[in-house]
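Below is one structure, written out as structure tokens; comments come after it.
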Amino acid sequence: MLCRARSATRRAAAIVAPHAVASWARPLALATQRRWRSTMPDEDDDADEDLRFSGLTGAQLLHESLVDCGVDTVFGYSGGANLPVLDQFNQSPIRFVMNRSEQCCGHAAEGYARASGKVGVVLTTSGPGLTNIITPLQDARGDSTPIVALSGQVPTSAVGTDAFQECLAVDLTRPCTKWSYQVRSVEEIRAVMHEAFYVASSGKPGPVHIDLPKDVMTAVLRGSTPLLPLKPPTVQAEPASLHAVAKLLSVAKKPIFYVGQGAVAAKEELLALAELSDVPVTTTLHAMGVFNEFHPLSMHMLGMHGAAYANYAIQESDLIVAIGSRFDDRTTGVLNKYAPEARLAHEEGRGGLVHFDIETSQFGRVVNPTVAVAGDCKESLRMLLPIVERQARPEWRARCTQLKNDFPFSYTPAPDGQLKTQSVIDALNTGFHETRDKLCVSTGVGNHQMMACQFLRWTTPRSIVSSGSLGTMGFGLPAAIGAQMACPDRTVLLIDGDSSFNMTLNDLGTVKEHQLPIKMAIMNDGRQQMVHVWQKLFFDNRIVATDNVNPDYVALAKAYDIEAFSCESTEELPAAIERFVNAKGPILVDFKCVPDICLPMVAPGKGLDEMFLPGSITLESEAPKMEGMAPS
């Protein structure tokens, strides 16, 4: 059981960032402690259990806590301040994975968590070790990824003196975590560690940071370490809200489910509800696979580079039911043009916008819902199912099918048998067809990321591992490492662009060290192509710092003794895909691609249905001058 110490509760009150943590995750009020006191075992009964930890150092207590919390893998990098903790992994049931930088460690922990649903763990040293994981922490915060970051720190007597490799770790990480705390005594270590895992994985998941001063890690516990049970308040949907949703579903003519990562555990419930109510389903990037994309009700991914047919359906829908999604700007377009039919239906009492979310602070943040349903999405859908009427919507289904037929994902093939990123990903989609349900795809950020969403079909939850909210280039390779460590029986495919891959390619050493059978496909167009296109469209073709000077990726991989080859034409593509798919160990392919623009695209300041469609813009022709700001 995840537990909390009384002393940790008092100290944490001064550390937690109130705006960043749900109310249940903040230090327990005394009244709450008293309310739960009846669930506590008698202190005398646990005296012997507590005393068994007496005589252990802080680092040993921390390691025991990791074991207690079910940790099997830690990603980390060594340093002077974290040596007492690092030493505990010398003979440990926990596997310690040394990535080639702290940022890679953080992204690997994210990949581990995304692919498995478990909490990822990262260990760094103080100073630069800590500052190097700020990006992974913010990435995890934006994408609701549960990780616990442990950082070494100078001794407490040196804190605040600008000692060597000292930084204000808690101050730096507070804005990008659910909870950040510096351990100040050996007595509270077990309680704080149990709480860290509890906060990271409960409610809306996210990152937690625990700072570990060196003297606390070497101090010896004398006595016991009392714990309090951690029992989150139940957040359950109100029956009145669910009945209101059921009524709206019964009267709406053109409803659509807009599904986000918050529904990742609700695959069965979502399928049952969609089929019962005959409602099409579109998803965000992180929710791809929660609803099988081969199902006739699937409208695939929506948004800025999503399916045109999904965007049109959203704009035509009279009832948008958001399930575990947060109306991110990349999925809404400009807000004053968003969901015109649903807004009208709301005013007329025949539809509107429904929002399911576990975090009540999300309600009204972007759009004001007709009905807000607070609670875990899986449980809320389970409660909703019995009160929803079975319906058939032949006209609406026919309209959605027509949209899919009229506006499919497409691209113009490159001349002379040259490769495009889309053609390679389309071939990968075919090549992995037989093993699709066991496939886990990690991506970098850029054109290749969006094209992977477009031209791969997704059938299972947690099959996409990508940086969504923060858009972190370099995420792909270390995240693939974490995903493969978490899921050794799954096929992990890295689809990366040359620009993203260049940022963390040193982690090929980790792939080699552990002989991870990751399949690495580099879409090499020699550019930071997505930004290059924005320069062309928004800055009168003034190109600055978006052309790459790349290494020989095949030679680089072979320097690590990793199988590698290149592919440069559509003629070579079938054989290259077959070799790539059937490789037994790690393999890298350098696909030499012709640069292209990623379409559809909703430009800034435009409505979700005001898209540039495939074929409407080409890099070879005179591109239209865009007004306003380029996408961020």
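Heads up, the Cβ atoms here are built off N, Cα and C, so glycines get one too.
It should be emphasised that the depicted structure is a prediction, and the values quoted were computed from it without experimental measurement.
Residues or ranges marked as domain 'Thiamine pyrophosphate enzyme N-terminal TPP-binding' by TrEMBL: 57-167. Within the model, the domain 'Thiamine pyrophosphate enzyme N-terminal TPP-binding' (57-167) shows a mean pLDDT value of 96, rounded to a whole number.
For the domain 'Thiamine pyrophosphate enzyme central' (243-384), the DSSP counts in helix, strand and coil order read 59 helix, 30 strand, 53 coil. The domain 'Thiamine pyrophosphate enzyme central' annotation in TrEMBL covers 243-384.
For 444-591, the entry in TrEMBL reads domain 'Thiamine pyrophosphate enzyme TPP-binding'.
Residues in the domain 'Thiamine pyrophosphate enzyme N-terminal TPP-binding' (57-167) partition by DSSP class (helix H, G, I; strand E, B; coil) as 49 helix, 21 strand, 41 coil.
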